[in-house]
C-alpha cells in the first residue's frame, strides 16, 4: 500500500492506494482519528451491484450504516439527486458526527461531497473511488452538481477526511471508463513533467497495464494534483492549471449532452485544442502529431464533430465558471511542465477554434 498526505490551508488528510485495501477500510478510517455515530454510503446502481453489499458488511463491523443509491451517470449530478440524498440523510437521522462515504467515480464523489458540504452546514465525508477518472476528482475538495446551462456551476470546496483507493476495484471497469480516467493522467503529465509524459506514452494499451504499473501511475497523478492543491486550495492561482483541456472539454460535454460523451474523451479533445493554441501562440515545442496519434491508438477522439458550430462552442466557453468579465482564462503550455493562464476574448476563441478545426478538417 502506498500512502500520500495532502495538506491544504483548511485540512490535512491521507490518500491510501493499494490492491485489496477495502478489506481494511475500518482500520484505515479509524486511523484518521475521527469518531462517527453513523455512516451514509452514497453510490450508484452500477457500483452498488458489485460492491454495495460488501461495503455495508465491512463498515457494519463498527458503525451503523445506511445506503442511498442513485442512477449511474453524469445525469445524477443534479438538483433532484442532491435533494434526494439530503432527504435520505434526514430520514436516517444523520447528525453532525455522521460521515458520508462516497463509493463510486467522479460523479458520486462530486455529488456526495456537495451533500456533505451542505448537510447541517457541513459534515465529514470519505472518498472511496472506484474509477480511474476519480483519481483526479477524489483529491482536492471540489464538490458540486451540474446545471442545464453548464457543468459544475453549483458546488463548494469541501475536503474529504481520507481517500481510500483500492486499485482492485478498477478491474471491473470497461475500456471506455479506463480511457476516460487515463485522460486526466495525461493532463497531469502535461502540466508536470516530460519524463512522466514519456513514461505514459510507452503504454500501447490500457489493457496491458499491470496492477503495480497502475498503482504507480495513479500515485504519480495524485502526487501532481496534491502538490498543486497544497499551494492553491481554492483555485486563485496555480490550481487553474489543472483545467488544461477543460474549457473546451466542458463545452463539449454540455453541448453533446452529459453522459453522451465521457468526461475523459471530452477533455482529450480539449487538450488537443489547447496544445494547438500553445504551439501557435507560445511556441510550444511538442511533437503534437505524435501525441495525437498515440491518443487515437488508445481510442480517444481528438477533434470535434462538424455538426456543431464554432459559435455554439464559444458561447459555452464564455459561460464557463472560469470566465471573467467576458473573457476566458485559458490554460496553455509554454512547454511540458510549464503551464500558464491566458485571457481570451470571444473573438479570440472563435478565431483559434476555427483555425484548429480547419487544420483538423472538421470546420
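Even glycines carry a Cβ here, placed using N, Cα and C.
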Additional site residue, 184, 194, 199 [criterion: listed by Swiss-Prot with 246, 263 for Zn(2+)]: 184
Cα-proximity to residue 263 (Zn(2+) binding site), 10 Å cut-off, over binding-site residues 72, 74, 110, 131: 74
Residue pair residue 76 (NAD(+) binding site), residue 184 (Zn(2+) binding site) - Cα distance, angstrom, rounded: 21
Cβ-centroid neighbours of Zn(2+) site 184, 246, 263, 8 Å, sequence order: 133, 136, 183, 187, 245, 249, 264, 266, 267, 270
Site of maximum Cβ density within 10 Å, from binding-site residues 72, 131: 131
Residue with minimal Cβ packing [other Cβ atoms within 10 Å] among the binding-site residues 151, 246, 263: 151
